[in-house]
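Following: one structure in structure tokens, then a few remarks.
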Amino acid sequence: MILVTLFCICALVTSLQADARLSKRYVIGGCPSHCDKSMCPTMPKDCSTGQVMDHCNCCLVCASGEGEACGGVGKLGDPVCGESLECSVTGGVSYSATVRRRGKQGVCVCKSSDPVCGSDGVSYRDICELKRVSNRAQSLQQPPVLFIQRGACGTSLHDNPNSLRYKYNFIADVVEKIAPAVVHIELYRKMVYSKREMAVASGSGFVVSDDGLIVTNAHVVANKNRVKVELKNGASYDAKIKDVDEKADIALIKIDLPNKLPVLLLGRSADLRPGEFVVAIGSPFSLQNTVTTGIVSTTQRGGKELGLRNSDMDYIQTDAIINYGNSGGPLVNLDGEVIGINTLKVTAGISFAIPSDKIRQFLAESYDRLARGRGTTKKRYIGVRMMTLTPSLSKELKGRLRDFPDITSGAYVIEVISKTPAAAGGLKEHDVIISINGQRISTATDVSAIIKKESSLRVVVRRGNEDIILTIIPMEIDP
């Protein structure tokens with residue numbers, strides 16, 4: 001009896017296997033251990049929805065389109081949804097291995113219901129409609145329609161508030177907020193052998209009052225003939241230097257214009273923590289409103305650590321890139337508050353800013369000086385343009401000027417401005433200043449330094465082959 005039963009079971013299994021081979025399909029039991037392409041169903045000639053691999057990753061089948069059947073019992077050749085579609089069983093349940101084992105079929109639905117824009121300039125209901133049109137075009141030997149933008153054609157990021165870019169683009173929000181109050185500063189000097197002006201340096205600054213007060217670095221505006229400020233809208237204005245703290249490297253300049261300006265507010269640098277995001281904005285290499293970002297590396301980097309012997313200030317260290325021309329621009333936190341002035345770069349990834357608490361102190365002291373009528377210390381002025389005499393310049397001048405003296409150092413006088421102390425004292429063009437008040441002069445900077453300190457100058461100049469003594473009394477002017 002047992003032998004008869006075993007024989008019947010074997011016969012039944014053999015019969016089922018034969019039926020499976022005849023139908024070129026595997027029955028319930030899942031995918032085969034080895035892919036036999038001969039068992040795959042025949043691919044129809046017209047497959048407008050595209051071709052995909054079946055669940056067993058063995059047979060290439062014609063993809064089911066939106067609304068068409070998908071899934072099944074997990075056999076070779078079971079219908080599979082096309083690109084951008086997913087198989088959904090009734091009630092929105094996605095097709096899975098568990099559903100497959102239960103032998104349920106589903107319907108292909110689009111993974112996304114959001115509108116999209118195609119390369120043909122047409123807005124589509126969803127990505128699936130675009131793919132369907134693209135496949136149809138390709139079947140007609142036409143170019144495919146490419147998916148180029150989420151959202152309908154002509155829409156922007158603000159039309160899709162659920163976008164991750166819209167939600168987390170906080171750096172761009174900060175820049176948009178602060179950029180109108182950041183200015184580009186150009187410094188001009190007259191050329192050596194003509195009265196034409198040329199730009200010799202540039203920097204950045206930011207507006208702190210709507211009537212045109214601008215904060216920048218002292219070194220940006222120091223020793224320049226003319227300071228010009230360019231706003232974000234391209235308008236340019238000459239600026240006056242109102243106050244300077246050379247030790248702290250902070251300067252206050254002002255432009256006069258009829259309209260009110262957007263301003264930046266100061267944050268509290270004392271509240272900064274290492275690791276906070278910061279944004280540096282300025283005009284490196286005269287490229288306006290260039291933005292770099294980084295974090296606060298440390299909030300208290302001593303000036304003496306940086307080799308600044310006369311500095312008792314702590315600097316903010318950041319890895320936000322600060323380049324030439326960024327100097328004077330703001331370093332801001334994510335609230336758009338200024339927490340420092342971009343000041344110097346040591347190397348890539350190591351830059352420093354003057355803390356905003358120091359700026360606040362400078363502005364308070366400056367206000368106090370202006371309120372008392374003292375303002376900035378008057379600048380001593382003699383009315384001369386000069387440059388440092390070097391051996392190469394001396395050689396060049398000897399070739400041009402027949403009576404130029406045999407001298408290779410000093411301050412060479414390029415121009416004496418009429419009706420100034422220098423003109424009244426007898427200084428002339430092509431003179432070489434070699435000493436003032438008994439101090440030897442080697443550079444033009446030496447002359448400027450003495451003028452700042454002395455109210456009367458006993459100047460020795462070399463003119464031709466003679467040394468001539470002149471007395472010049474500097475006048476005081478607003479800087």
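Heads up, the Cβ atoms here are built off N, Cα and C, so glycines get one too.
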Per Swiss-Prot, the disulfide partner of Cys62, chosen from Cys40, Cys47, Cys81, Cys87:
Cys47
Say which of Cys56, Cys58, Cys59 is recorded by Swiss-Prot as the disulfide partner for Cys35.
Cys58
Which residue counts does DSSP yield for the domain 'PDZ' (364-466) in the helix, strand and coil classes, in that order?
33 helix, 29 strand, 41 coil
Structural state of Cys58 (disulfide bond), classified by DSSP into three states:
coil
Can you tell me which of the active-site residues His219, Asp249, Ser327 is spatially closest to Cys62 (disulfide bond)? Compare CA atoms only.
Ser327
Just to confirm my parser: what is the rounded mean pLDDT across the domain 'Kazal-like' (96-155)?
82
Whole-number Å only: compute the distance from the Cα of Cys70 (disulfide bond) to the Cα of Cys59 (disulfide bond).
15
For the C-alpha pair, I'd like the distance in angstrom between Ser327 (active site, charge relay system) and Cys108 (disulfide bond), rounded off.
60
If H, G and I count as helix, E and B as strand, and all else as coil, what does DSSP give for Cys31 (disulfide bond)?
coil
